[in-house]
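Chemist: Structure incoming, see below.
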Amino acid sequence: MQSNTQALAPGLNLFPTLKPPHKTLTFHRISALFITFVAYASFHASRKPPSIVKSVLSPEIQSNSTSVDTGWAPFNGPHGTHRLGELDLAFLSSYSIGMYFSGHAGDRLDLRLFLVIGMLGSGILTIIFGLGDWLNVHKLGFFVGVQIVCGLFQSIGWPCVVAVLGNWFGKEKRGLIMGLWNSHTSVGNIVGSVVSSAVLEFGWGWSFVLPGILIIITGIFVFMFLVVNPEDLGFELLGKEIEMNVEVESNKSMENSEKVESEDAGLLPYDVSDSSGAIGFLEAWRLPGVAPFAFCLFFSKLVAYTFLYWLPFYIRHTAVAGVHLSHKTAGILSTIFDVGGVLGGILAGYISDKIEARAVTSIIFLLLSIPALVLYRVYGSISMYTNIGLMFLSGLLVNGPYSLITTAVAADLGTQSLIKGNSRALATVTAIIDGTGSVGAALGPLLAGYVSTRGWNSVFFMLILAIFLAGLFLIRIVKTEIKSKLNEGK
């Protein structure tokens with residue numbers, strides 16, 4: 001994916017016993033899985049503070065709680081929710097735009113250094129946003145500017161971690177592996193929510209500073225120990241090579257005689273050449289399945305990120321059993337949605353591996369999430385138990401297809417046989433799919449800020465409509481998958 005002459009992670013030189021033959025391929029696969037998991041969880045933890053502090057920055061509400069909300073200018077006026085939505089738009093728009101460029105750059109740069117730059121930049125900008133509390137900043141331009149630059153740094157993370165994981169793992173059990181791995185999104189949200197909520201009473205600035213410090217420390221850890229490619233340690237993933245060359249194995253003129261038909265790994269010299277070139281942006285768009293899944297993710301991510309940025313605010317402003325919860329309780333309670341998301345991502349990945357049909361799995365989750373959201377809106381306020389149960393179910397069904405598309409589907413499309421084993425396409429395809437989804441992610445929270453002034457029923461109607469449209473984009477692929485399964489059964 002990048003030059004094989006890149007420097008090895010300093011931590012492996014510092015601790016030589018971490019290199020082969022002291023450590024096996026399995027050890028380094030697990031290490032890559034763990035390090036990228038922690039890395040992207042820290043990205044999401046540093047994105048969570050804006051949703052936690054919304055209820056502090058927002059206009060005063062009438063409630064049965066003992067606290068009095070005075071808000072924070074410029075977010076405490078009659079159009080405070082509009083300003084909050086515009087703040088989300090600033091971050092997510094720059095994030096989605098940066099995603100396309102970072103994916104393209106990720107195919108050409110040292111992924112470890114590129115990822116670390118994204119993490120350190122994100123941490124610094126998150127801390128700067130929190131300093132607005134102590135510096136008594138009330139200029140909308142300051143907060144918007146910080147969010148725009150932070151979004152650009154954040155956009156570096158996803159293409160990098162997916163590309164690294166794609167280097168280490170072949171296609172077998174990819175749905176389950178990536179379903180487990182992609183729980184970093186929900187785990188990061190949970191960590192960010194708990195940390196930000198826990199220190200909110202000391203000032204909303206702390207809710208940004210602590211997650212910012214967390215991602216900086218994690219970035220240093222990634223710099224020290226992440227190994228981007230098996231070839232950097234002399235490993236060759238022969239099972240992966242066979243997968244990538246499946247269409248040309250019948251061509252005897254290819255150098256397949258050098259491949260060993262085995263799922264095991266062998267040690268190679270460190271000067272293995274990379275014969276594949278980076279794929280073009282428009283060429284990646286034309287790959288089968290990329291556009292439908294990208295636009296499906298547009299609407300799926302619109303829903304997921306609306307919950308990510310507005311669920312604590314919704315819980316705070318909606319009475320549960322006749323009582324409005326505190327800022328801290330609302331923030332911590334919102335993690336139930338992410339707990340459901342962890343199970344949803346794993347379940348979707350497992351089911352898609354079993355039935356070998358990613359689109360069918362996604363559309364089932366999407367269709368079931370519609371009644372789940374209706375039930376949560378109608379019955380979620382009856383009691384704390386119904387709120388928790390229905391929030392968990394909604395998180396499971398909403399995050400299932402979102403998780404599946406951003407990981408296993410993106411990796412499948414980025415390593416499909418049509419591009420002749422060009423593994424360097426993976427970061428570009430991943431960036432296209434998640435970048436398109438991020439446009440929806442930017443639109444959702446913005447619309448929620450405006451639509452919420454008309455009532456929360458309107459917000460939920462918007463989310464249900466988005467889920468319906470997401471399913472429409474998958475219908476053609478679903479038909480193809482079903483026909484394929486029926487033909488196999490003949």
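Positions of Cβ are set from backbone N, Cα and C atoms, glycine also.
A quick note: this is a predicted structure, and the numbers were derived from the prediction, not measured.
Straight out of TrEMBL:
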DOMAIN    34-483  domain 'Major facilitator superfamily (MFS) profile'
TRANSMEM  26-45  transmembrane segment
TRANSMEM  113-132  transmembrane segment
TRANSMEM  144-169  transmembrane segment
TRANSMEM  206-228  transmembrane segment
TRANSMEM  290-311  transmembrane segment
TRANSMEM  331-352  transmembrane segment
TRANSMEM  359-379  transmembrane segment
TRANSMEM  391-413  transmembrane segment
TRANSMEM  425-447  transmembrane segment
TRANSMEM  459-478  transmembrane segment
Chemist: Based on Cβ pairs under 8 Å, which of the stretches 113-132, 290-311, 425-447 lies most in contact with the transmembrane segment (331-352)?
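Modeler: Ranked by Cβ pairs under 8 Å, first place goes to 290-311.
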Chemist: Using Cβ atoms and a strict cutoff of less than 8 Å, what residues sit near the transmembrane segment (290-311) while being 6 or more residues removed from its termini?
Modeler: 47-48, 50-51, 54, 88, 92, 189, 284, 334, 337, 359, 362, 366, 369, 394-395, 398-399, 401-402, 405-406, 409-410, 413, 429, 432-434, 436-445, 447-449, 452, 459, 463, 466-467, 469-471, 473-474, 476-477
Chemist: Counting Cβ pairs under 8 Å that sit 6 or more residues apart, are there three or more between the transmembrane segment (144-169) and the transmembrane segment (459-478)?
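Modeler: Answer no: the transmembrane segment (144-169) and the transmembrane segment (459-478) share fewer than 3 Cβ pairs below 8 Å.
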Chemist: Which sequence-distant residues neighbour the transmembrane segment (459-478)? Criterion: at least 6 residues beyond either end, Cβ under 8 Å.
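Modeler: Hits for the transmembrane segment (459-478): 289, 292-293, 295-300, 302-303, 306, 310, 314, 357, 359-360, 362-363, 366-367, 369-370, 373-374, 377, 398, 401, 440, 444, 447-448, 451-452.
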Chemist: Under 8 Å for C-beta pairs, could you tell me which stretch among 26-45, 206-228, 359-379 has the largest tally with the transmembrane segment (113-132)?
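Modeler: Looking only at 26-45, 206-228, 359-379, the most contacts with the transmembrane segment (113-132) come from 206-228.
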Chemist: Give, as a single whole number between 0 and 100, the mean pLDDT over the domain 'Major facilitator superfamily (MFS) profile' (34-483).
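Modeler: PLDDT averaged over the stretch: 83.
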